[in-house]
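Novice: Pasting a structure below so you can have a look.
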Amino acid sequence: MPAVAGSLYMASQHKGVPPPLPPPPRPLPVINLGRLTMDSASRALAVRDIVLACRERGCFEVVNHGISRSCMNGALEAASEFFQLSTERKEEFASDDIRQPIRYDTSSRDGISMSRSFLKHYANPLDDWIKFWPTQPPTYREKMGEYAVETQRVSMQLMEAILQGLGLGPSYLQEKLEGGVQFVALNNYPQSSAKKADKIGLAPHSDYGFLTILLQSSPGLEVMHHEDDAWTSVPAIPGALHVHVGDHLEVLSNGQLKSLVHRAVLNPNESRISIASIHGLSMDEEVHCAEELVDEHHPKMYRGSSFQDFLDFLPANMNRYKRYVESLRIDKP
């Protein structure tokens, strides 16, 4: 049975980490996804903007993506209602085994989080996985299922644009992406306490897959800039989704795009819910550097790997200062 895992975290020791300083404002690119379905000139400009955002920032916000506000709010409500269930109900999904199809855990046990609880489960294809999902709250499967299907659609649009922008063509890997892994990670962060020195809810890390699409109820996500390692807070723009590059897109692009290091900080005003939808190929399908992006001037930079390889990597490296993509880099002679 495939595992419900997620990211490999950069920080191994969380005690004594100083509270983060407020990052300077540095607006993130905002992409109007509707331009992808307009005329060819509009699509070309949108493709250019998406790939540029991936190259320079590793992330962007998307608007006009076709997911209704009611669908997004419904998913956040379903997540919030799940975390409000009794401890006994939530513990039905608790497991130390990352190879479970659904898993609930808290920062007191998982050795990774600093202050959060989470529920992770698979979502694509929905008919294969929804039977593992919670039946409480009563509308969970309906609301989260609708949102999962919609984010899978958006991920396909984005991947087509990115692959086109890389010169690989919009249909590159299309069938494999359609049948690929999607897993949904629901995160619940408490309100920051004035007595608590450590304000970080989730340590710096990058995600495993091609793309992560994130919905957040309130600000708390921070992203690291490629050029200077500075942090920027990601606003919770009503109706917008946050998108960032994962480790396997860095591999596929042969290093043209870099996976985004990000973290979660506790909100001083309220508790926070986020829903991360992470997209990649199927469990055993290896991702390699695209041959079209490898030549004598651009040698292959990474080894191929699959999601199963990532799961094998996790147990021995969970608490080390290392990201998964770092283990895939080919040493230059």
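Keep in mind that glycine also has a Cβ here, set from the backbone N, Cα and C atoms.
What Swiss-Prot lists as Fe cation binding site is His205, Asp207, His262. Sequence annotations record features per position, and here Swiss-Prot assigns 2-oxoglutarate binding site to Arg272. If you look up Swiss-Prot, you'll see 180-281 marked as domain 'Fe2OG dioxygenase'. Summarising the annotation, Swiss-Prot assigns transit peptide to 1-43 and lists sequence analysis as the type of evidence.
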Novice: Test of understanding: give the count of other CB atoms lying within 10 angstroms of the CB of the residue listed as '2-oxoglutarate binding site'.
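Specialist: 24, counting other Cβ atoms within 10 Å of the residue listed as '2-oxoglutarate binding site'.
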Novice: In whole Å, note down how far the CA of the residue listed as '2-oxoglutarate binding site' lies from the CA of Asp207 (Fe cation binding site).
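Specialist: Rounded to the nearest whole number, the Cα-Cα distance is 20 Å.
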Novice: Within the domain 'Fe2OG dioxygenase' (180-281), count helix residues (DSSP H, G, I), strand residues (E, B) and coil residues, in that order.
Specialist: 6 helix, 46 strand, 50 coil
Novice: So which of the binding-site residues is most packed in, judged by how many other Cβ atoms lie within 10 Å of its Cβ, out of His205, His262?
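Specialist: Checking each of His205, His262, the winner is His262.
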Novice: In whole Å, how far does the CA atom of His262 (Fe cation binding site) lie from that of the residue listed as '2-oxoglutarate binding site'?
Specialist: 16
